[in-house]
Amino acid sequence: MFPGKFLPQAMYRRDLGKELFFFRHADYLYTMRFPVRLLLLAPGPLHFPFIKEGLDYYTRRLKAYLRFETRFPRLKSKRPAEEARRLLAHLPKGAYLLALDERGRSLRTPEMAAWLEDLFFRHREMAVVCGGPEGLPPEILEAAEERLSLSPLTLNHELALLVFAEALYRALTLLSGHPYHREGVSA
């Protein structure tokens with residue numbers, strides 16, 4: 001893991017090569033920027049305004065750490081095979097495919113941060129797919145290289161998108177040494 005660096009305020013930005021650079025947040029400068037494009041993909045459109053607002057919020061915050069995009073294509077068909085075909089058509093070529101699934105691997109935040117760090121150094125293109133109200137079609141679950149569970153609870157698919165965005169942000173701030181994650185701190 002990369003420890004965050006506390007540097008004098010006078011230093012604003014310094015290039016460290018193609019993959020890492022300093023960025024400023026409050027009085028801290030961190031050395032974490034992954035050269036990764038991560039696409040969050042789910043059937044659209046989003047129906048709840050607070051979900052769209054929350055995803056926009058985390059999209060802005062995540063841009064400091066990686067190239068984060070969201071895509072919610074309208075699916076005309078409710079047939080699972082057609083839905084799978086349309087979702088797979090939106091995936092970047094050669095992207096590492098991660099499926100959000102209730103039967104997937106469950107991780108705590110520090111474990112997720114270490115796991116993501118390893119993935120980011122091995123893959124430059126990643127896609128995270130979340131199913132619609134009926135879940136993910138079997139074709140996508142078979143195509144996925146890994147499945148991730150966000151909770152033992154069953155979540156609304158739109159809420160799962162927001163929970164994933166927050167978990168991703170929390171893991172990346174933990175990797176960079178940012179004080180956002182406060183595990184073990186009691187009130």
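Cβ atoms are placed via backbone N, Cα and C, with glycine included.
When L97, L98, L100, L175 are compared with the S-adenosyl-L-methionine site residues G131, L150, S151, P152, L153, T154, L155 in TrEMBL, the one appearing in that site is L100. The maximal spread of the S-adenosyl-L-methionine binding site, taken as the longest Cα to Cα distance among L100, G131, L150, S151, P152, L153, T154, L155, is 16 Å.
Neighbour count (other Cβ atoms within 10 Å of the Cβ, all protein chains): 12 for S151 (S-adenosyl-L-methionine binding site). Fewest other C-beta atoms within 10 Å: among the binding-site residues G131, P152, that description fits P152.
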